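Asker: Just dropping this structure here.
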Amino acid sequence: MIRDLFTKNKKKQAITIPSADAKNDVPEGLMTKCPECKEIILTKDLMKTAKVCPKCDHHFKMTAWERVECLFDKDTFESMDDHLKTENPLNFPSYTEKVESDAEKTGLNEAVLTGIGKIGGNEVAVAIMDSHFRMGSMGSVVGEKITRAVEKATEKGIPVLIFSASGGARMQEGVLSLMQMAKTSVALKRHADNGLLFISVMTYPTTGGVSASFASVGDINIAEPKALIGFAGRRVIEQTVREKLPEDFQTAEFLMEHGQVDAVIHRCEMTEALAKLIELHVKGGK
Amino acid sequence: MSKSLAFEEPIVKLREKINELEEFTSANDVDLSDEIGKLKTRLSNLETEIYSNMEPWDRVQVARHPARPTTKDYIAELFEDFMELHGDRTFGDDAAIVGGIGFFETKPVTVIGHQRGKDTKENVKRNFGMPHPEGYRKALRLMKQAEKFGRPIICFIDTKGAYPGKAAEERGQSEAIARNLVEMAGLKVPVVSIVIGEGGSGGALALGVANHIHMLEHSTYSVISPEGAASILWKDSSLSKQAAEAMKITAPHLKEMKIIDEIIPEVLGGAHRDPKAQALQIREVLRASLDTFREMDEGGIIDDRYKKFRKIGVFSE
Ligand SMILES: [Zn+2]
């Protein structure tokens, strides 16, 4: 009994405390300047518009916990696997310190937050990547957390949503990082074979190994406006093909034009769109 | 003799000296056979010593050797009645990936691999073995075909990576690779992948979601090239030798990390010194691998692959 209470408390803590932490720890001043239109916005007002610039629609980067606030039915989200800890398998100098410092800064154990929650009344498993943590790069823990979230979704027979925000594979974990692309893929295949829905939401940035694995193979691929999405880096491509690339190259809109995403959806309409899509996949209809 | 590599310098020097002495003896009618014999023993010892103590960077050089046997070389040695099949049925035929069907010993199999060129002309045709999306889509088409007819799939991995080009992005390089990862996960037939040269990043992995992964002794498998790692991690691409070590990209490292199954020994000095003998080594390992799955049903094959990748990763909880 006491133990039950204890676990319950622990779970509750995991929901609320990191959220508050994350908000307090992001070192933002009172005012935020939009990098696109240079408009000065009251930082506290920015969250009211889901961190979208009210003047030019620029989508600011979001922390994983900020996205949770926008996405789920009130108090329904419970995080998972916050206890997994990154190791330093290649013994890279100062890697552990960098991970620990980002953990402190973001209130996350790694570059993805996973869990179960309800959207529009329907239960879903989610993985939300956070580019404030080692540029959202995928190492062993990120791969493991996403895999466990997908497996949980398969076990419960519910959809899985992955919000990507990642520069790609985590260099400091070498080929182990590369293999996380395969690990998450085998889990997603099993989920798919059970007839379950996977929605991939690509946000700024979705590149490299994340783009070349789960992010691109949703039953439905959605992107946020102007999000950078691509396999190779712009500079590498320019050096290879020796030509200047168009301005909109590797943007969400560019991908839509080239048939790679189903829809580009404004962040303020994202939750409603996702709720509708999930509703459309409930077995037996309304 | 094919191009020698920096770490082979002492061997080359000694061999030159022996040749000189031999020429001198035949031209001047003197007997130096004792000296020559001694030097030959020294040469053989030196070869054993140097080739069995290769540093990661030395292996990278061997893996990139222009004369290193390619997918097509091994296909010619290992499979009978091989017929190449072309095209992704959507866009085109990517010469950076070859595939087809043939017999391995008595059993029909599908064979797919990255294909480098050995000279400039062929490298231009094959885009240096760096595929576009249509290459990966051709590979997937052939894998699905293999599945339909119950044929095992053998993949040879040998690429610096998927091509980082404008057209490749426009046609969905990410999706093409990602699709292969997911679809390979579900194949009802056994897949055996063998890294024969460079296994570069996602472009290599797209032929690598296999039940068994083997690596030739001097091949490499990495998330990024040593040059790329050096420039990202230390902003200095001249540190690639150090990066090759730090990134743990050689076969023994991957075996230690439990990512690969077998290290296939190479002939002394590297596969390019005797491609036929090398193919024999591969044949043995391939036969053993395929035998493992002879009694396994479709579900068992998929589960086996699931378990293999499910457990890769280093973390604590
Ligand atoms: Zn703005």
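Cβ coordinates are placed from backbone N, Cα and C, and glycine is handled just like the others.
These figures come from a predicted structure and were not determined experimentally.
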Asker: Quick one: which of A:34-56, A:195-217 does TrEMBL have down as zinc finger?
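Answerer: Residues A:34-56 are the ones TrEMBL records as zinc finger.
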Asker: Other residues with Cβ within 8 Å of the Cβ centroid of A:C34, A:C37, A:C53, A:C56 at the Zn(2+) site?
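Answerer: Neighbours within 8 Å of the Cβ centroid, excluding A:C34, A:C37, A:C53, A:C56: A:P35, A:E36, A:K38, A:E39, A:P54, A:K55, A:D57, A:H58.
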Asker: Under DSSP, the zinc finger (A:34-56) has how many residues in helix, strand and coil?
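Answerer: So the zinc finger (A:34-56) is made up of 7 helix, 4 strand, 12 coil.
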Asker: Counting other Cβ atoms within 10 Å, pick out the least crowded of the binding-site residues A:C34, A:C56.
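Answerer: Per-residue Cβ counts within 10 Å for the binding-site residues A:C34, A:C56 bottom out at A:C56.
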